[in-house]
Amino acid sequence: MSPRSFPRLFMLLHLTAALVAAVPVSSSSAGGVNSTSQPIDATFARRLPQALIIGAKKSGTRALLAFICMHPDVQAPGPEVHFFDRNYHRGLDWYRKRMPASLPSQLTMEKTPGYFISESAPSRVHSMNPDTRLVLVVRDPVTRILSDYAQASANAAGGSSRRRNRRNRRRKNRRKHRRRQAGRRGSSIKPIESLAFRSRPGNGSQPELLEVSANWTAVRIGEYARHLANWLAVFPRQQILVLSGERLVADPGAVMEELQRFLGLELIITGRHFYFDRRKGFHCLKKAGRRGKPRCLAGNKGRRHPNLAPELIRRLRQFYAPKNREFYAMTGVNFGWPEL
Ligand code: A3P
């Protein structure tokens, strides 16, 4: 039975599985799809991914995966597998076992934003399969830094939401206590100003200069042109879909249509699958069927960003302006990120 023959029925069943697979809503869902049990039968088997969401971190990679997983012809593991950047030595068979079982008609996808900035990943992906379709979602690199910092400080203060969900009440209370103690001692992560900038001492007539810390990973990730060049050295441009994270937030239906076309999928996920959730401040998935519940992404998506003085924001924008223009030229897409 092909899922294409029963799109509605299959979609209802699949929607539940997809949310479990791709949205870290609860502890039980986070790792549920990754068991390494054997294939159920010869046609329903674990397969290497034919498409990857390679990055960029904090640009909407989870939303993109969660939304495309609503498609009946897509399967993906929930957690990031980090095969091409951290686990390559484990071999392709290890990687394949991390994939959920799929039908031959389905597309297996994986997302690990770390791939985008890994220098080894492009050739490794190519040697797995030179036809792998690559998806890159990017957002204004300055906002991306703020988002990255918000995540790092949340993690430093007590762990990611997935970990939080996994722990029992007793451990939760203990952590709350530790967090209170840490709060008393002061922040557990350096202020963003001192991570994103460093001062260069002035000489005589020249005052001290504040310059962007280009080596800080959060700054480095936003140098999109530099990382994309590594991928374009190995893959043709048309094999890489570059999407706007800002557009994904504003109009997920339109972005999903673009993604489905690129992946050669039947156009099933459209704007009709989303509603804007005022409390969350983002689009969420509409309920599937009579008993389904509407689902928003977990609370670790859409965090409050730190405040950075307008002058420092301006300096970051100046730092990125020429790099962004280079990226627009490379991709043929003007993302229109502010330069001042
Ligand atoms: P913020 O937390 O800064 O708002 P990633 O999944 O790559 O870590 O990206 C996280 C970002 O996804 C969030 O960054 C948020 O802006 C964006 N995003 C896009 N669509 C979203 C949605 N429907 N719900 C929640 N976050 C979404």
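Each Cβ is built from the backbone N, Cα and C atoms, and glycine gets one as well.
These features come from TrEMBL:
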type	residues	note
SIGNAL	1-22	signal peptide
DOMAIN	49-323	domain 'Sulfotransferase'
BINDING	Lys58, Ser59, Gly60, Thr61, Arg62, Arg139, Ser147, Lys301, Gly302, Arg303, Arg304, His305	3'-phosphoadenylyl sulfate binding site
ACT_SITE	Lys58	active site, for sulfotransferase activity
REGION	153-192	region 'Disordered'
COMPBIAS	161-183	compositional bias 'Basic residues'
DISULFID	Cys284-Cys296	disulfide bond
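Sequence features annotated in TrEMBL and their locations in the structure.
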| residue | record | Cβ contacts under 8 Å, 6 or more apart |
| --- | --- | --- |
| Lys58 | 3'-phosphoadenylyl sulfate binding site | Pro113, Arg139, Arg144, Ser147, Asp148, Gln151 |
| Gly60 | 3'-phosphoadenylyl sulfate binding site | Val137, Arg139, Leu243, Gly245, Leu248, Val249 |
| Cys284 | disulfide bond | Phe274, Tyr275, Phe276, Asp277, Pro294, Arg295, Cys296, Leu297 |
| Gly302 | 3'-phosphoadenylyl sulfate binding site | Lys280, Gly281, Phe282 |
| Arg304 | 3'-phosphoadenylyl sulfate binding site | Ala150 |
| pLDDT averaged over the residues of the domain 'Sulfotransferase' (49-323) | 91
| remark: If we take the residues Lys58, Ser59, Gly60, Thr61, Arg62, Arg139, Ser147, Lys301, Gly302, Arg303, Arg304, His305 that the record assigns to 3'-phosphoadenylyl sulfate, their largest CA-CA distance in Å comes out at 18
| message | Under DSSP, is Arg62 (3'-phosphoadenylyl sulfate binding site) part of a helix or a strand, or is it coil? | response | helix
| query | Can you list which of the binding-site residues Lys58, Gly60, Arg62, Gly302, Arg304 have their Cβ under 6 Å from some atom of ligand 1? | reply | Lys58, Gly60, Arg62, Gly302
| field | DSSP three-state assignment for Ser147 (3'-phosphoadenylyl sulfate binding site) | value | helix
| field | In three-state DSSP terms, the structure that Arg304 (3'-phosphoadenylyl sulfate binding site) belongs to | value | coil
| field | Among Ser147, Cys296, which are recorded positions, the residue with the most C-beta atoms within 10 angstroms of its C-beta | value | Ser147
| note | Arg62 (3'-phosphoadenylyl sulfate binding site) has its Cβ surrounded, within 10 angstroms, by a count of other Cβ atoms equal to 21
